[in-house]
């Protein structure tokens, strides 16, 4: 019993000594100058690589800007919207390449990993991951087609995937669209299957002006035309004098005159608001007020014949001053006789 107990105690003491030795070795290693020198050297190398990478990216961006400025003076020019798109894309690609090279330099120079083995392993892993990354590949390929087919560019107002807004950025994988209410929508390029681009060709502003029946069509169109001829000089986005189409619809209390105006791309909505405001103000100052709903009431004891005649009489009398049409009596139609009339 004593022999067994002494053997256990010796084993415990031996394990404790090994633990203390391990802790002492770890402490000596952590507090040793060699470790901190190598760590400091590695951190310095990482910082230098990152600083050089940022400098290369900044210089490359300035070079890209200068190249596009020189291209503007050459015989082959591209639109400003496409130029902005290509510049952003080239800058992003350069940044990705520089960061990738910097990562390889850190792994090789600081951590001592073999780049060849990493690339070979990445190739094998890429084959395995590629089957599950089909959406990523689709997004990248779609991004290239969007850019080189010039479907839309940075700054265009588009409608895509049920979202309308201004294109902020076109990347290799995603497209960023800023809606007019301030939300930033990030769409995978593979989901961009159908696009409405409002910024390619001139737009068309459609404005409907409500005019009460008390005013004549000719007077209303004359006043509207007086406003229309001043709009191209007042608003730069209005191309040419707006055109009066004519009476578009007849409502219960007014008729509708439609006006159309050609505008610069993306300005059709602003043109509609400004044209509608200017024409409504001018009509109001000219004595044509905004039409309001009206109700005609008749007493129940009136005979239907008298009611029908009164309605026709009122309509012809009200339109006589505007159109010059004769009233009912001139057509031989007499007022119906009420009971007791001689």
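Keep in mind that glycine also has a Cβ here, set from the backbone N, Cα and C atoms.
Keep in mind that TrEMBL annotations are predicted by a computer and have not been checked by a curator.
Feature annotation (TrEMBL): of 4-22, 23-41, 42-60, the stretch labelled transmembrane segment is 42-60. Looking just at the domain 'Mechanosensitive ion channel MscS' (135-199), the mean pLDDT is 86. For the transmembrane segment (89-107), same-chain residues at least 6 beyond its ends with a Cβ under 8 Å from one of its own Cβ atoms are 45-46, 49-50, 52-53, 56-57, 60-61, 64, 113, 115, 118, 147, 170-172.
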